[in-house]
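Participant: What follows is a single structure, and I will ask about it in a moment.
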């Protein structure tokens, strides 16, 4: 039997699993800024064993024949600070090329089990080489080799060809204790101008708080669902 997509729905409400908090998202929760609350929600998602609680959908702008088109994919947030969220990738990938042309993006964290999501939007800039190097050294060796082997987002003839590229890179760095950072690889920092916290509620009357960030100044307003 085919799935009835129109009938699929979840009745939000009550205390989110593992949160131990009132479900009613309150402006007071943002007294310390947007970053502590986002960090807290990621930690709560971790506590209830959500897979990759730091995953976020990154949306960029692809300019095709002079026309802007949306593009999105899931990446992992690898850094969180009052300045913004950090992620790493191949600078020559589709998203890297798009960010070079239009250095602005949106990122959305979604935790359905908790009935929560957070949406950030703002300009994007590359992280420093020093910051990239620190994170690179924390990556598993297999991931480092993969970053050298893959020309991300470009066509390849077969899986076998990709495996051969990995074998060549593995041989190249055999005996090398610290694999260097590829010149085409590094981090990005998304500096949010807006951060929206969303909490599901019964009857689809969800809680939405929008944080606007302008330098040291922050304002919070409640949005209708």
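Yeah, the Cβs are placed from backbone N, Cα and C, and that goes for glycine too.
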Participant: For the FMN site that Swiss-Prot assigns to 73, 74, 75, 76, 77, 78, 88, 89, 95, 117, 152, 153, 198, which of the candidates 126, 164, 208 is also assigned?
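Facilitator: Swiss-Prot lists 73, 74, 75, 76, 77, 78, 88, 89, 95, 117, 152, 153, 198 binding FMN, and from 126, 164, 208 it also lists 208.
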Participant: Provide the number of Cβ atoms within 10 Å of the Cβ of residue 198 (FMN binding site), excluding the reference atom itself.
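Facilitator: Result for residue 198 (FMN binding site): 21 other Cβ atoms within 10 Å.
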Participant: I'd like to confirm something. Which of the binding-site residues, 88, 152, 198, has a Cα closest to the Cα of residue 78 (substrate binding site)?
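Facilitator: The answer is 88.
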Participant: Judged by the number of other CB atoms within 10 angstroms, which among 95, 206 is the least packed of the binding-site residues?
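Facilitator: Selected from the binding-site residues 95, 206 on minimum Cβ neighbours within 10 Å: 206.
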Participant: Judged by the number of other CB atoms within 10 angstroms, which among 75, 77 is the least packed of the binding-site residues?
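Facilitator: Selected from the binding-site residues 75, 77 on minimum Cβ neighbours within 10 Å: 75.
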Participant: Taking the Cβ of residue 139 (substrate binding site) as centre, how many other Cβ atoms lie within 10 Å?
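Facilitator: The answer is 16.
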Participant: So if I draw a 10 Å sphere around the Cβ of residue 78 (substrate binding site), how many other Cβ atoms end up inside it?
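Facilitator: Residue 78 (substrate binding site): 15 neighbouring Cβ atoms within 10 Å.
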